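Inspection log for the structure reproduced underneath, given as structure tokens.
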Amino acid sequence: MPKLITTTASIARLWPRRFGTNRTIDGRDLRQRPNLNRDHRHPRLAESSAMTASDVPTRPAPVDMSRNPFLTGVFAPQRDEVDAVDLPVSGEIPADLRGSYLRNGPNMRFDPIGSYVYPIDGDAMVHRISLDGGRASYRNRFVRTPMVLTEEAAGHAIWSGITDGYTPSAAEVGDELAGTTRELPDINIVRHGGRLLAMAEADRPYQLAPEDLATLARTDCDGAMFVGSTAHPKIDPSTGEMVLFNYVLEAPYLTWAVVGPDGRAIRTPTPVDGVDAPIMIHDMALTSRYVVLFVCPLIFDIESVMSGGSLLSWQPRRGTRIALIPRDGTAVRWIDADPFWVWHFANAFDNPDGSVTVDYVEWTYPGGFSDQPTPAASSLTRAVIRPDAGITKTVLNSSEPDMEFPRIDDRMLTREHHRIASVAKGPRDSGDLDSLWFHDLAAGTETVWTPGAAIGEPIYIPGAERDYWGAIGTDPTDMTSHFYLLSADAPQDGPIATVDLPIRVPAGLHGAWLPDPS
């Protein structure tokens, strides 16, 4: 990811209203519902609503898309929205497999202006591949935030990228949207409590209609996400609870919350004691007893921004601190470790001796946010955390690919699991993630399948008689996209079915398998 060099105004543009969780701020009760559009405005930027047409700042120049690797090739935006049925299938989709594979990802509605930093600046597009009776269908839709709707009416981009200070005025977008930032529910897709949610990074999600993916509304999930949410909440299969966290730029910096299986808040945002700086955390893990947060030393550096430097600063002298937050609300337990970075977790579970096992992809540091002399490297790692004795780590992959996007059978979240699938760079030396790695922890085996395509995050798909892995890939030679269905028992043998998709699906981020409720 490119280094984030920002202006002072960009602090507000990236996380514009990240308050702490005091009961009131400026006399406003945090338990009251906000106006989910106007509350996205930064107070200083909102003053632009008083501008006249002559005060409108100069619109930034278009981004040269040909020079940005995240706007070309397999990442190039897809502007078409398509409905297609009876898609061509090579092999055979099991007739009893009924449900939908959904995937979210950044996808600019119009050519960007000012700057473009992947994935922070991308509008959201959700792709759905539905399987039923051995047949496959496809639908994709933009998540139509107020910003996307306004740009569609204008026919061009209005909101600029994160690394410049331009924001639209009332003369351009009206009083309601003046001074706002682009909303970016482009990271993940989650179904919980009767809601289908397009998740953002440290912001409130958008609710979608499950039948046609139409955008319904921005939501705070009954107040649990009032100050925003991680894009990676975890759903406990045993309780049905969705547990989440959020980071903010002001003390107390880090909060956690819980949404019950009925979609109502069980715990509203609650501060995590012991955090002394504004930190970035992308993902979390969950056990039956604990919310597990790895507080790595990636810090929002306001002083650096004020002097024209980077918004995010890698500060290894702080080390990595692991928070075990009891789900019953008792005191958090902190464990210190040497510095490392985590984007994504596979799972975590409690052990009988009181320790906690966590599987995740560990990076030496976050590439793009550090001036380290060597490239960042990653490995699939198992950590056993003993609250009174520290942390012991084991590398699970036998070779040295840059691995990411580890997934398990989501029915095993919070419990001991045996299968992990990840994405890695394969032998093509293309720079793309182009191979799937499968670890059977019970058998002690590691297998690989390389499809000859840029491949996305694998999703576990339970079936009536046997289980599968599913993933979307794009062939860089002809830019055709395919959905691959692999047997979970022998994924290295390649797909039992390949679905040809009607349009190219840009390389994206996270998704889910949603079984047919019937």
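Each residue, glycine too, has its Cβ placed from N, Cα and C.
Any TrEMBL annotation is an automated prediction that lacks curation.
Annotated in TrEMBL:
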REGION    24-64  region 'Disordered'
COMPBIAS  25-38  compositional bias 'Basic and acidic residues'
BINDING   His232, His282, His344, His510  Fe cation binding site
Proximal but sequence-remote residues of the same chain as His344 (Fe cation binding site) (Cβ under 8 Å, at least 6 apart): His232, His282, Asp283, Tyr360, Val361, Glu404, Phe405, Pro406
For His232 (Fe cation binding site), the number of other Cβ atoms found within 10 Å of its own Cβ: 21
Listed in sequence order, residues with CB under 8 A of His510 (Fe cation binding site) and six or more positions away: Arg103, Asn104, Ile187, Asn188, Ile189, Ala231, His232, Phe405, Glu457
Fe cation site, defined by His232, His282, His344, His510: further same-chain residues with Cβ within 8 Å of the Cβ centre: Ile187, Asn188, Thr230, Ala231, Asp283, Trp343, Phe345, Leu509
Where His282 (Fe cation binding site) sits in the secondary structure, as DSSP reduces it to three classes: coil
In three-state DSSP terms, the structure that His344 (Fe cation binding site) belongs to: strand
Local Cβ density at His282 (Fe cation binding site) - other Cβ atoms counted within 10 Å: 20
